[in-house]
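Here the structure is laid out as structure tokens; the discussion comes afterwards.
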Amino acid sequence: MAPKQDPKPKFQEGERVLCFHGPLLYEAKCVKVAIKDKQVKYFIHHSGWNKNWDEWVPESRVLKYVDTNLQKQRELQKANQEQYAEGKMRGAAPGKKTSGLQQKNVDVKTKKNKQKTPGNGDGGSTSETPQPPRKKRARVDPTVENEETFMNRVEVKVKIPEELKPWLVDDWDLITRQKQLFYLPAKKNVDSILEDYANYKKSRGNTDNKEYAVNEVVAGIKEYFNVMLGTQLLYKFERPQYAEILADHPDAPMSQVYGAPHLLRLFVRIGAMLAYTPLDEKSLALLLNYLHDFLKYLAKNSATLFSASDYEVAPPEYHRKAV
């Protein structure tokens, strides 16, 4: 009996594709193709992303760049935004004060390996047999790390401090119900907030290693913000404003334009993205401790970072664009 032949790849090196990262589809490029254990895998570069996020993915996470799949991409973005708004209203109650900052802020748990397909909204792929992580360092060859993430997916949950939840609700209410817009460019933009935080940490006499880690975390938050803002962090009513910003500032990172409310929205969504980073569970928990510390900083400075006076009523002509 002739040996079973290797499967034929559906995508070629250099091909423009759509690829799942978390629950959403992103434009990407197939850089390499490999067949291992009768399974086709692709080394993917997400368009516009730093090369640090290049990763090996199974064929189930890659789709052809055609109109039907582009429509699916738009539908997933819309569904994700609606789920985001609903989740915030359920989880954030104004006026409720608890010792949320003293509670454990990070919930990292390994998913039981269930075979899911991107069509079911999972966007990931797992193997039938789970294996414990074997990595001892946070930074290893990205090819090796991303191969292992197929075997061991980590679910990440970042809890928002209770002091900040009312601001999420107020932000939602001002925009979706009162039809106001956050004034742009922000008086204090995301870059400035992150720089202030880094300087604050340095002033507390951190070691060189901790200072380096803070700089890395700040750079990571900034990159996530710039990547996710246009697809996951805006309400429908804000989209015409976003289009105007892109037209007026085509080369400006959005972290130089938007401010604290949109940065806070990032932390509601960032857990789903962190599940696909090339980090082992221990390194991910360490990263989340840094994110928790940054959220504590936002809570401590919330009186100066968040204000209803930073919003303005949208003019009538804007309403016509937003319909």
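For all residues, glycine too, the Cβ spot is worked out from N, Cα and C.
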Taking 72-83, 96-107, 108-119 as the choices, which stretch does Swiss-Prot tie to motif 'Nuclear localization signal'? 96-107
Summarise the domain 'Tudor-knot' (12-62) as counts of helix, strand and coil residues per DSSP. 6 helix, 32 strand, 13 coil
Please count the residues of the region 'Interaction with RB1-2' (284-305) that DSSP assigns to helix (H, G, I), strand (E, B) and coil. 21 helix, 0 strand, 1 coil
